[in-house]
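Heads up, the thing below is written out as structure tokens.
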Amino acid sequence: MVPSVSSSTRVGFLLAIVVLAWVGQVDGSIDSNRTSALEEARLQRENLVRKYLKRLKKEDGAIKLIGGRGDFEGNVEIFHAGKWGAVCDDEWDQAEAEVVCRQLGFPGHVKPTHTGYFGRAKRKFWMDNLYCGGKERELAECHFDGWGTNDCEASEAAGVICKRHEDEEPVTTEKPVPVEMKVPKERLGEQRRLELRLVGGRVADEGRVEVRLVDGEGAGRWGSVCGDGWGLLEGNVVCRQLGLGYANNAVQTDFFSESEASELPKLLLSGTECYGNETSLADCLHDPIGWRSVRCSERHGHVAAVTCVSQMADLVFDHVEMEQSLHLEDRLMYLLQCAMEENCVASQAYEIQRENPNWHLETRRLLKFTARVVNTGNADFRPHIPKHLWEWHLCHMHYHSMEVLFATFDVIDAGGRRVAEGHKASFCLEDNQCLPGVEPRYACANYGDQGISVNCSDIYRHNIDCQWVDISELDFGEYTMRVAINPEFKVPEMRFDNNAATCRLLYTQTYARVFDCKLERP
């Protein structure tokens, strides 16, 4: 018995046959237009897959970027123990940014960002004092202090700006970049000036920063300053312009609002970027001024504030001491185990340790030197961490009071690429040498008070762990060497343009020396 078929079903069969015949006819007459259309569809599909691959599953070590204009930039967050957390910008540099961008599927990084460039951290910090070699597959493979171990504030969020793929159009990003955001930063012209005031503070030396434009037509309305990227460099300029001394703290907060219910003035200034030696905030770079052109990662309560003081320490690196003490030393890795725990050797050394069972018999070539730091300010330099939070270091047998990255040593080639690096992430501050008539007051031994008195020096001699650059893989030749103290401007000082020494470095088969050194900003 033949089953009955409805008229609608028969029509459907006929339509299917017609469609199949049409498809076959088209397949038989394929042309270049169809080829280009298929290629375009393939590219769109690849971009779509790439986009969703970047949204990693919620597994330990997954990362994401937040607060940026698109999926290619933002503050870094990492997933651990079932929760997302922030990454602190201590020791955050190009190597870490490269790992993040590669993990997210981008071809590389444009630059790392610091001090909450894309807004304050909204979650607890999972990672601090990160140290990557640059070749790790994931950020979680880098060395760091341990999950949740940190001494960071919400304004110290680390971020990145990644390179985008050449075939990636703006329409493929989750947040397309508006045209006005591509306008370069500027300074005020001679026809306009910027007036400042501090508002909401308990005393006249503190408060949130408010600005207004003054031109030939008079003064405009007072407005707030966006807190994105706001730090001690900008704070020092504000205190200097107001005649209030130096910035002891530069924060991104609404703490200085009159009350929780009160409305802050509209944002007038954003993207502020100072070198640090300007006499006026108007001399700094900033986004074009105007109510519509101001952009800020957060609209509510994310404003710039500052606390000024009349007395401040000022650290200066002694490049003459470095020139006189610098030398080469080949050292067994067996004798570097303590230093390796503090990430004081090149990333290749850790690869040798993992792959070679006799790694302790290998040697590393170290470029060693003495670092002498002088306090030329009018106030003692004191640790910003309370004494009960100082960390005992078994290797060094004393307490460290500085757990932020406080000294970096970089070797740079003729192309401007960093080819070797060293650092001192932990410091014990004491008065090793003082000018005649000045009595030393700070010492590391026996849990003593730490600091650097005015007109005294803290000296880390060349025979101390980590007081070197591992140059084992470096070719012979001429380079630039830069040693910087307080390179991320985390600790307040009078000025920062004397914190780094940049020198020429000559490295030969038998010796190394630095010369033509000059002091500048990190």
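Using the three backbone atoms N, Cα and C, a Cβ is placed for every residue, glycine included.
TrEMBL entries are annotated by machine, without manual review.
Candidates considered were Cys132, Cys152; TrEMBL assigns the disulfide partner of Cys142 as Cys132.
The record in TrEMBL lists a disulphide bond between Cys152 and one of Cys88, Cys101, Cys226, namely Cys88. Neighbour counts were taken as the number of other C-beta atoms within 10 angstroms of each residue's C-beta; across the disulfide-bonded residues Cys88, Cys101, Cys132, Cys142, the minimum falls on Cys142. Cβ neighbour count for Cys284 (disulfide bond): 22 (other Cβ atoms within 10 Å of its Cβ, all protein chains included).
Per DSSP, the domain 'SRCR' (196-309) is made up of 13 helix, 41 strand, 60 coil. Here the disulfide-bonded residues are Cys152, Cys162, and the one with the most other Cβ atoms within 10 Å of its Cβ is Cys162. Applying an 8 A CB threshold to same-chain residues 6+ apart, the list for Cys274 (disulfide bond) reads Leu233, Glu234, Asn236, Val237, Leu281, Asp283, Cys284, Leu285.
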